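Everything on this sheet refers to the single structure shown next.
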Amino acid sequence: MPNLLSRNPFHGHHNDHHHDRENSSNNPPQLIRSSKSFLNFIGRKQSNDSLRSEKSTDSMKSTTTTTNYTTTNLNNNTHSHSNATSISTNNYNNNYETNHHHNISHGLHDYTSPASPKQTHSMAELKRFFRPSVNKKLSMSQLRSKKHSTHSPPPSKSTSTVNLNNHYRAQHPHGFTDHYAHTQSAIPPSTDSILSLSNNINIYHDDCILAQKYGKLGKLLGSGAGGSVKVLVRPTDGATFAVKEFRPRKPNESVKEYAKKCTAEFCIGSTLHHPNVIETVDVFSDSKQNKYYEVMEYCPIDFFAVVMTGKMSRGEINCCLKQLTEGVKYLHSMGLAHRDLKLDNCVMTSQGILKLIDFGSAVVFRYPFEDGVTMAHGIVGSDPYLAPEVITSTKSYDPQCVDIWSIGIIYCCMVLKRFPWKAPRDSDDNFRLYCMPDDIEHDYVESARHHEELLKERKEKRQRFLNHSDCSAINQQQPAHESNLKTVQNQVPNTPASIQGKSDNKPDIVEEETEENKEDDSNNDKESTPDNDKESTIDIKISKNENKSTVVSANPKKVDADADADCDANGDSNGRVDCKANSDCNDKTDCNANNDCSNESDCNAKVDTNVNTAANANPDMVPQNNPQQQQQQQQQQQQQQQQQQQQHHHHQHQNQDKAHSIASDNKSSQQHRGPHHKKIIHGPYRLLRLLPHASRPIMSRILQVDPKKRATLDDIFNDEWFAAIAACTMDSKNKVIRAPGHHHTLVREENAHLETYKV
């Protein structure tokens, strides 16, 4: 127990000894009031070590009593101590007579003042009471041992023993150096918390109270460096809580340091109240203060397991991103930074409300009535989520920027289902390539705007296609022979139109989709409902026929970006992408384009054969002509068949020659590139290309390596895409407000395995 208060709490100057001598005279003034103990002032019983004891009004009685106490400790040598009594009494009277006039001339008003403690020292001594002493702490057993070893009472400055102390110092000069070490504290030692005098938090120092109030601890939910979390069901009402059991106290760690670390998290969490921040309820410790328990709100859904299912829709991902950012914004408004944001420190309720947990690494960056930002220091957090400045500028960094970087990494994990890199260090190839400048400059804002226009066009064409399909369903009710006759009559005279119609209806080879269309199709698949499945399939058919025109109409930068995106769609985690598929696709499309443009006669022959087959299938449909006309038609058909066979052999040789030339070109390119024929993409685009177009403008700023260029929370909330996100939340009465357009994925552990639900 620290020495919080000395025996004379309101007398700290050497000149006060003169007043002590005067107050203990044989004829004390009548105006003197014997004050109560300081401990009586704070609600305790009166102490024998009070400022001016009521029992010490007579100086001779007090001196005799103190001398008798000294005599008892000195082997009951009454003769020698009676002499000491006479000496001390004579010295006392002489000092009183010689100094009485001197004290009155200085205007001292100890006699006339009705208040016993000095007004100039009351507040300072009160603060000293609440501040732990720096001196060495001694237990009661040590104090008693020192008393018996020196055979004398502890030195004191009380009014009844001043001369005895002077006499004791004359005989034992070495004893005065250890005055504060021998001084007994005015507050007796207690087994209560060491924080009970300086903190208003009521900490239960008995883990039995935890079991009585909340019940016994249940199964383990998770564990980490700071401790483990277990579930707890209160037997009285069946309410479920999560109890965090902090790590045990280390052998070289003091009780005060351990209590400070454990209670700091509780002090932070108990003051935070937000829909996206976990509620902290209570705190306990065992009798020896070697363990602490924190009672919190229970959320049954593990957010990390939800992300790893890969079943989150785009709307659900955006909703979780906004909820996460709302929680971080609230923390920053309170002057706190989390510094350990990650998927593991996010939990969800059964209604899809995301909450932040674990404030063990939180730090205060803005104090009340201060505008400046207090920099943080130290490497705190998990490696994949760390900001680069935490490693490069360990001694001083802005913790707000660290939280914003972690938000961007969490969003990448939700979209990609993997980490962008293991740690933001130069030794990590992924991060090193990310820090390099882009191979081609990318305008993410313009790309997002163009992509939005493309989506609008596709929606309009999808609607037109649906209307056309309805009309075609009506036309199918007509006789089949009439429709076939019309197609024959329309295709025979105008062969280029028939070629165009054939290519529009049944293209031989379809170009591969660009990254935009792939993302859109995947998004539509994820966000589609049973009512919209037909629209999604129609959308895919339309996009396949329009890729060439959209790529050509795009900006040059956008074209390069899309080309890189096509080339990187199947890349591995290192960003090395096989471009062979892309080159093969381009070669095939070139060959098909040449074949479609140059082989009109071949296509005409195919059309004629189709007409003949239709005529043979339905002989009644062929108009009745003269025998001469029939012979001429048969001759023309034979000639066309011969030409078709010749051209077919000719084009086979041409295609073989082209195939050999393409193979030789590929071999030469592979030899020129070396054994690794994969393209490596440099710069932030290697990561941003995998994210949705609409999110790239703000994500490119959130994931800025330089913290000075990184986006702030105001920039995030002012972003057009982020502001348009509809997120679920709760009102003041804890009622869930669901956002439209998406469902939340829930993962529960049932029957020893995980079950996935949608709410």
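The backbone N, Cα and C atoms fix where each Cβ goes, glycine too.
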Candidate set Ser37, Ser350, Ser732, residue annotated phosphoserine in Swiss-Prot: Ser37
In Swiss-Prot, the member of Ser333, Ser361, Ser382, Ser700 to which phosphoserine is assigned: Ser382
Residue in Lys213, Lys244 which Swiss-Prot records at the ATP site where Leu221, Gly222, Ser223, Gly224, Ala225, Gly226, Gly227, Ser228, Val229 also bind: Lys244
Ser88, Ser287, Ser472 - residue that Swiss-Prot labels as phosphoserine: Ser472
Phosphoserine according to Swiss-Prot, picked from Ser86, Ser105, Ser498, Ser573: Ser498
Per Swiss-Prot, the candidate from Thr495, Thr529 carrying the annotation phosphothreonine: Thr495
Additional residues surrounding ATP, by Cβ distance to the Leu221, Gly222, Ser223, Gly224, Ala225, Gly226, Gly227, Ser228, Val229, Lys244 centre under 8 Å: Glu245
Rounded distance in angstrom between the Cα atoms of Ala225 (ATP binding site) and Ser472 (phosphoserine): 67
DSSP three-state assignment (helix, strand or coil) for Ala225 (ATP binding site): coil
Rounded Cα-Cα span from Gly227 (ATP binding site) to Ser382 (phosphoserine), Å: 16
Shortest C-alpha distance to Ser472 (phosphoserine) - which of the binding-site residues Leu221, Ser223, Gly227, Val229: Leu221
Secondary structure at Ser472 (phosphoserine), reduced by DSSP to three states: helix
Cβ-based isolation winner (fewest other Cβ atoms within 10 Å) among the recorded positions Ser223, Ser472: Ser472
